[in-house]
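One structure is given below, encoded as structure tokens.
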Amino acid sequence: MQDPRALVAEKPLTEAQWLVRLIFLESIAGVPGMVAGMLRHLSSLRRMKRDNGWIETLLEESYNERMHLLTFMRMAQPGWFMKTMIILSQGVFFNALFLTYLISPKITHRFVGYLEEEAVHTYTRLLGEIERGDLPKWSDPNFPVPQIAIEYWRLPEGKRTMKDLIMYIRADEAVHRGVNHTLSGLKLDDPNPFVSEFKAAGKRPNPVLKPTGYEREEVIG
């Protein structure tokens, strides 16, 4: 019997179709971190209090998602229709997240955590298609990944295939998933455990190891 959790598509996408999907996905994925970081930045200025490290992590998340987008844009340039759709989608998503974060940061971080989970599933499906040879160009070990990706992730020699690149990007999404689920469980004035000393043996928590996030008592002393 097939595992109901298995990620199986009825029909594999082509490389071009995947690029359309990934460019659209990453053009939207960079919004939540920027919205949350901006609002916490303004709150810190307004209250004249330190943010306890949240802003740094949120803006880094947004920057990381933008690097995903720039990487895929080295492989394909969207046309005017897609650019229009991205503008409209970004406008709706930004304003919706802006209002939601003002009302409930906890709910927003939890929602983003689930979005990142879907991103992990998307890249897992893509890796499966590459491994099965459904994407001949990307399955080719000699396929050149963009130089921007090599420099950003510092891809070592022998680890510069498309499969390697997607694994790095999926790992980023797994980090964002764990971080947002963890932040959802914290109080707004709690220190960010991902830039602070972890109370257990001085170690920082690893969000990849906790897909559903850490509980507050695990990371806040």
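Any Cβ shown, glycine's included, is placed from N, Cα and C.
Annotated in TrEMBL:
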- 18-39: transmembrane segment (TRANSMEM)
- Glu26, Glu65, His68, Glu173: Fe cation 1 binding site (BINDING)
- Glu65, Glu116, Glu173, His176: Fe cation 2 binding site (BINDING)
- 80-103: transmembrane segment (TRANSMEM)
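Cβ-based neighbour count (10 Å, all protein chains) for Glu173 (Fe cation 1 binding site) stands at 26.
Of all Cβ atoms in the shown protein chains, 26 besides its own fall within 10 Å of the Cβ of Glu65 (Fe cation 1 binding site). Of the chain residues outside the Fe cation 2 site list Glu65, Glu116, Glu173, His176, Ala29, Glu61, Asn64, Leu115, Ala119, Val120, Asp172, Ala174, Val175, Arg177 have their Cβ within 8 Å of the site's Cβ mean position. Other than the site residues Glu26, Glu65, His68, Glu173, same-chain residues with C-beta atoms no more than 8 angstroms from the centre of those residues' C-beta atoms, the Fe cation 1 site, are Leu25, Ala29, Gly30, Asn64, Arg66, Met67, Leu69, Ala119, Ile169, Asp172. Classification of Glu116 (Fe cation 2 binding site) by DSSP places it within a helix.
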